[in-house]
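K.L.:
The structure follows.
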Amino acid sequence: MKILIFIIASFMLIGVECKEGYPMGRDGCKISCVINNNFCKVECQAKWRQSDGYCYFWGLSCYCTNLPEDAQVWDSSTNKCGG
């Protein structure tokens, strides 16, 4: 019985983390939004079917969750927006 509890606790501690990030438009910039979660959800699901999305208020940009590991998202270190 102790082993079963240990195994279940181990699985709970491991967890499953998915990639998250800002989706990019064709210009390489983040997709803008103003408190419209539904718009962002549609944008995220158009690129990645199983993802979810919401409008990140402080950044005024869409933010996607539950992305596949190979998803290309906006990154400040490789930002090519506007150039």
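Using N, Cα and C of the backbone, Cβ positions are placed for all residues, glycine too.
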K.L.:
Quick one: which of CYS29, CYS33 does Swiss-Prot link to CYS81 by a disulfide?
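P.N.:
In Swiss-Prot, CYS81 forms its recorded disulfide with CYS29.
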K.L.:
Which one is it, CYS33, CYS40, CYS44, that Swiss-Prot ties to CYS64 with a disulfide?
P.N.:
CYS44
K.L.:
Using CYS81 (disulfide bond) as the reference point, find which of the disulfide-bonded residues CYS40, CYS44, CYS55, CYS62, CYS64 has the shortest Cα-to-Cα distance to it.
P.N.:
CYS62
K.L.:
Which of CYS55, CYS64, CYS81 (the disulfide-bonded residues) has the most other Cβ atoms within 10 Å?
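P.N.:
The largest 10 Å Cβ neighbour count belongs to CYS64.
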K.L.:
In this structure, which of the disulfide-bonded residues CYS33, CYS40, CYS44, CYS62 has the fewest other Cβ atoms within 10 Å of its Cβ?
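P.N.:
Sparsest of the disulfide-bonded residues CYS33, CYS40, CYS44, CYS62 by Cβ contacts within 10 Å: CYS33.
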K.L.:
If you draw a 10 Å sphere on the Cβ of CYS29 (disulfide bond), how many other Cβ atoms land inside?
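P.N.:
Neighbour count, Cβ to Cβ under the 10 Å cut-off: 16.
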